[in-house]
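Colleague: Sharing a structure here in C-alpha cells format.
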Amino acid sequence: MWWDERVSARVRRNLQPTLTYWSVFFSFGLCIAFLGPTLLDLRCQTQSSLSQITWVFFSQQFCLLLGSCLGGVFKRTLAQSLLALFASSLAISLVFAIIPLCHNVVVLAVVMAVAGLAMGCIDTISNMQLVKIYQKDSAIFLQALHFFVGFGALLSPLIADPFLSDTNCILANGTANASSNLPHIRKSLLPHHPGNLSHYDLPMKGMVVTRVSYAFWIMPLINLPVPIAVFFLLYKERMVPCFNGSSHPLLSADELALETRPGDKDELSTAAQRPHTAAGHEDLFSCCQSKNFRGVSFTYFAVHITGALVLFMTDGIVGEYSGFVYSYAVEEPLAVVHKVAGYLPSLFWGFITLGRLISIPVSYRMKPATMVFINVVGVLITFLLLLIFSSSVVFLFVGTASLGLFLSSTFPSMLAYTEDILQYQGCATTVLVTGAGIGEMVLQLLVGSIIHDRGSYSFLVCGMIFGCLAFTFYALLVFFHRMYPKPCPELDEASPEKAAVPEDTGQYQR
C-alpha cells in the first residue's frame, strides 16, 4: 500500500462521509461546465440576444462567489453541513430539470443564480469537512475531491454535445450566414463579455427547433444519486427528523483523535457537554469579526492574505485561459482553423482532470508546499515558453496541456498547506475559496477588456504577469510561514482550551 496503516484506518472509519463529499463535488463539476456549450441553444429557447444571454454567466458566477462566502454559516455542526449539502445537491438536480421550462432570459438568470448559490455552498463545505476530518492527512483527499469536480466538468459537455444545434435553432429569413458561423460563435462565447460577439446578427424571432432540453433532463438523472447519498449519510447519523436510524452513527473524528491522544478523553467529554462554536472554519463574515483578531500576530493575517492571493492568480489563470485560448488561437498570427482550435479548451480541462488524478498518489509522498512551488514555477515557465514560441501552433497545444497539468493541483495543495500553517484554527478554507472565486471572475473580465483594446497577443502577456504575481505571493507566504509562531508544547498542555481543539479540528460534531 502506498500509504501507511494509520491513514488506511482513518479512511475505513470515514469512508462513507468521504465518498459523499467527493460525490457532491461531482455535482459541482457537472453544473459548472454545461452553460458554455449550451448557451446558444438557451438563447434560442429564451429568444434573447447574445448580449442578454451571456449575462446568465454573470448571475451564476456572482452567486457562486456569494455562496462560497456564506457556506461557512452551515459549518457549525455536522447536521447543518449535511443538510446544506443535501439541499444544494438537490437544488442542482432541480435546476437541470427546470432549465427547459425557462422561456424568459430573466427567469433563466434567476434559476442559474440559485445553482450558483448551491455550488458555492458545496465548494466551501466539502473542502472544510475534509480538512476537519483528515487534518494533516487532508492533502491527498483534497486532491481526490478536486478530481471529481474535473470529472463532472468533462462529463457535462459530453452529455450536452449530441443535442446541440448544428444550425441556427431559431428559423427565420436570412439566417444562412449566421448559421454557418454558429460553431465559431459557440466557442467564442465569453462570460461577462457580450460585446465580443455583437457583430453577429442572429434572429430573435421565429420557430425554435432546439433539442437541448433532452440534455438537461438527462443530467438530473445522473446527478440524482448524489442527494440520495447525502440523505443516506444524514440517516446513518440519525439527523433526519422523521426517521430514527437503528444503526450506530459513523465513527466521529473526535473518536479518531482519541486513538492518538487517549489522555485527553476526560477533557474531551467535558468539553463536548458545553455549547461550542468552532474557533476556525467560520463563514467569511464571522471570520471578519473583530473578536477573532484579538491577540493574533500580523503573520496570521499575512498567511490568509498571501494564500488567497496565490489562488486569486492561479484560479484567475484557469478562468481566463479556458475562456480566451480559443479566441487567441483563431486570430493572427496563428490563425488556427476553428474546428482545430475548438479542441484547445477540451485539452486544457482534460489535462487539469488528469493532473488531479495523478496528484492523488503524489500528494501522499510530497509536501503541499513543494507541490505548490512546482505548480507556480511550472505555470511561469509554460507562459514564458508560450511567449517565446508564440508563432507555433504545435507548442500552443503542448503549452495548453502543460498549463492544465501544473494548475490542476494548485488549489487543494494550497488549501492543505495554509491550513497546516494555521494548525487548522484559522479561516483559511473560507478565505481561500472566496479569493479563488473572485480571481476567476475578475481576471477573466480584466483580460477580456485588455484583449479587446490591445489585441490577442496580450492574452499571453497577461498570463505571464499573473504567473509572476502568483510566484511572488507564494514566496511571501513561505516567508510568513517561517515567521509564524510555532505552538509551544508546554503551553499547549497547560492551556484550558486544549480539549476543544480535537472537537474543532476532528469533526463529526453533532
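The backbone N, Cα and C atoms fix where each Cβ goes, glycine too.
Curation does not apply to TrEMBL; its annotations are automatic.
According to TrEMBL, the protein carries these features:
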type: REGION; residues: 490-510; note: region 'Disordered'
type: TRANSMEM; residues: 21-40; note: transmembrane segment
type: TRANSMEM; residues: 52-74; note: transmembrane segment
type: TRANSMEM; residues: 81-99; note: transmembrane segment
type: TRANSMEM; residues: 105-126; note: transmembrane segment
type: TRANSMEM; residues: 138-159; note: transmembrane segment
type: TRANSMEM; residues: 214-235; note: transmembrane segment
type: TRANSMEM; residues: 298-318; note: transmembrane segment
type: TRANSMEM; residues: 340-358; note: transmembrane segment
type: TRANSMEM; residues: 370-389; note: transmembrane segment
type: TRANSMEM; residues: 429-451; note: transmembrane segment
type: TRANSMEM; residues: 457-480; note: transmembrane segment
Colleague: Which residues of the same chain, at least 6 past either end of the transmembrane segment (298-318), have a Cβ under 8 Å from a Cβ in it?
Modeller: 352, 372, 375-376, 379, 403, 407, 410-411, 414, 417-418, 421-422, 426-428, 431-432, 434-440, 442-444, 463, 466-467, 469-470, 473-474, 476-477, 480-481, 483-485
Colleague: With the transmembrane segment (21-40) as the reference, which stretch in 52-74, 81-99, 214-235, 340-358, 370-389 has the largest tally of C-beta pairs below 8 Å?
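Modeller: Highest pair count goes to 214-235.
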Colleague: Give the one range among 52-74, 81-99, 429-451, 457-480 whose Cβ atoms make the most pairs under 8 Å with those of the transmembrane segment (105-126).
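Modeller: Maximum Cβ contact count belongs to 52-74.
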Colleague: Sort out the residues at least 6 away from either end of the transmembrane segment (214-235), same chain, that have Cβ-Cβ distances under 8 Å to it, and list them.
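Modeller: Non-local partners: 16-17, 19-20, 23-24, 26-27, 30, 34, 38, 79, 82-83, 85-86, 89-90, 92-94, 96-97, 99-100, 155-156, 159-160, 162-163, 243, 245, 250.
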Colleague: Taking 81-99, 340-358, 429-451 as candidates, which has the most Cβ pairs under 8 Å with the transmembrane segment (52-74)?
Modeller: 429-451
